Amino acid sequence: MSKVHSTQTHHFQAEVAQLLHLVTHSLYSNPEIFLRELISNASDACDKLRFEALNQSELYESDPDLAIRITLDKSKKTLTITDNGIGMSEQEAIDHLGTIAKSGTKDFMSRLSGDQKTDAQLIGQFGVGFYSGFIVADKITVESRRAGVPAADGVRWVSNGTGDFTVERIDRPARGTSVILHLREDAEQYLNAWQVKQVVNKYSDHISLPIQMLKEVWQDAKEENQPGQMVTTDEWETINSASALWTRPKKDVSDEQYTEFYKHISHDFHAPLAWTHNRVEGATEYTQLLFIPAKAPQDLYYRDSQSGLKLYVKRVFIMDSAEQLLPNYLRFIKGVIDSADLPLNVSRELLQESRDVRAIREGNTRRILSTLEQLASSENTAEQEKFATFYAEFGAVLKEGLGEDTSNRDKIAKLLRFASTNSDSVTRSLTDYKAAMPEGQTAIYYITAENFAAAKNSPQLELFRKKGIEVLLMTDRIDEWALGFLTEFDGTPLQSVTKGAVDLGALQDDEEKKAAEAAAEQLKPLLEQLQETLKDKAKAVRITTRLVDSPACLVQDQNDLSPQLAKMFKQMGQDVPESKPILEINPEHALVKRLESQARTAKFDDLAQVIFDQAMLAEGEVPADPVAYLRRVNALLLG
Ligand SMILES: Nc1ncnc2c1ncn2[C@@H]1O[C@H](COP(=O)(O)OP(=O)(O)OP(=O)(O)O)[C@@H](O)[C@H]1O
């Protein structure tokens, strides 16, 4: 008894409809990319089947040889891409071919300018996955059956790329998916086998599965004076190299092929900045192909952001995002690891405990850090620019490594770049800083602040400026936390200029020190009165030599958290002990002198509070009671 199946009509998700409109109404500078996209999907579907079949070999049914086949039908004007991968159920076809799940798509859509030419170029680079079929087809039929379900549970999905699509249940004995493109008149060149082979060669040669087409042979004319012609035989021919790209020797892989491969595994539409490809031998054997992307993904800082390493075991795909193979601070790296030692049925839990995995992780880390070091120290401008791009995108993440990866701390520290009082751009390395240190300077000085302006104009830098001592300006949120782990670089201690009392050692002459001591003695009553007035706000009040133009500044006790760090921890939901800053005053400043002269008057209180609040403002912080601050300033202005 044959079942009657109804055809249902569904609407595309709004973003899909928008994308389709774009695909079908733009001019295509690069229509051929549809093949790359559809072959990539077919290859992913085969990888998924292989993985699911590791524990369920019956999913292979009687068809274990995975392949992608392209067939051309000149009379029907169709090009069909068939795979015997995982396939789709009816619901999966509705969900996956009617909505967009891809993470980069929103970003992509937001870049569209409305100008057809520029947008078309963008599509050419980015690819729009399955929907790129509509660049060349005015109708697409997808027929599919999921591995392991009966032939009667096949699905047919049809759309002409406007607002909706239909789905119906069909009988489909073959497992996997066929994407049938009904070619537009202006895309009939893709009925030509030679042309299709060219495109496959260009974009999809790295695919490790065989991509097959029916072999064509030359046939002479049967009658004299008639032209000969190419005829299609019924023998399948593999048209790509069909070996996994990472298994090939480096010299046999071109930059274009590496780039295409990167785009295939990362879904990134930018070319990678750099890659490193090695076969590692020894106690743990594996092949590593690691890419450094040019652009940070949007989810880089999300707790559940996915790592980008695919794990293969002896060329069998095992899993995506094998986060155990890289430390967390290198989570932006994409690539493939193919291990010769791990068991095929390795699970995420097993990976956690494996010695081989630890060795692979360490090997990967070393490689990435040395690749970055090469870019950073290169004489070649293009390479230096690559490093600058890398640093702008991923520098803050790299700093997490100072806390996470003690064994590579020195290597990471060498890669760090900062702005400084001598350089507005983030290009100063600790090595360069050290090399330029004047004699007598015994520490690397830095300041952390909310933003560049607050760092650069901080009163704490006045003395350093006066003495011509360079201070590194750090404005990444993570800096203070990360630098807490870097107490020294190449034997020289790092010292925050906002922590503890200022001690420039040999750089400060004895006279200055003596003058400060004398001032402290003389101003003792003032300091005591200030301390009493500000007891709710300041932990201590003391004289400083670090100020030149400002009356006062705030510093932290050597072991206290800065307000920025305290704020960050609080936002993360952690308990932070309350710590008050220390107010340091400049005995030479006219306002401090005024304060001294008003010591026993009614104005003292207001003046003291204003000086404290202004020191807050100079840090980029808002006074605890802004209205009271304004009232006091106004009273002083009028008085
Ligand atoms: N040949 C196929 N076999 C099985 N599922 C497929 C196939 N082609 C597409 N799909 C399903 O449809 C989804 C959407 O495909 P689409 O190409 O639009 O995006 P994507 O594959 O997620 O991203 P990208 O194209 O960047 O790889 C896929 O994630 C997959 O689940």
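In case you wondered, yes, glycine gets a Cβ from its N, Cα and C as well.
TrEMBL has this to say about the protein:
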- 1-348: region 'A' (REGION)
- 30-187: domain 'Histidine kinase/HSP90-like ATPase' (DOMAIN)
- E37, N41, D83, M88, 102-104, 125-130, T177, R348: ATP binding site (BINDING)
- 568-639: region 'C' (REGION)
Report summary line: Within 10 A of the CB of E37 (ATP binding site), the number of other CB atoms across every chain shown is 22
Report task. Measuring CB to CB from F130 (ATP binding site), give everything in the same chain under 8 Å that is also at least six residues away in sequence. Result -> E37, L38, N41, H96, L97, V179
Query raised in the report: Under 8 Å Cβ-Cβ from D83 (ATP binding site), six or more apart in the same chain: what's there?
Result: A42, S43, A45, C46, L66, A67, I68, R69, G176, T177
Query - Site of maximum Cβ density within 10 Å, from binding-site residues V128, R348 - result: V128
Query raised in the report: How do the residues of the region 'C' (568-639) split into helix, strand and coil according to DSSP?
Result: 41 helix, 4 strand, 27 coil
Query - Coarse DSSP state, helix versus strand versus coil, of V128 (ATP binding site) - result: coil
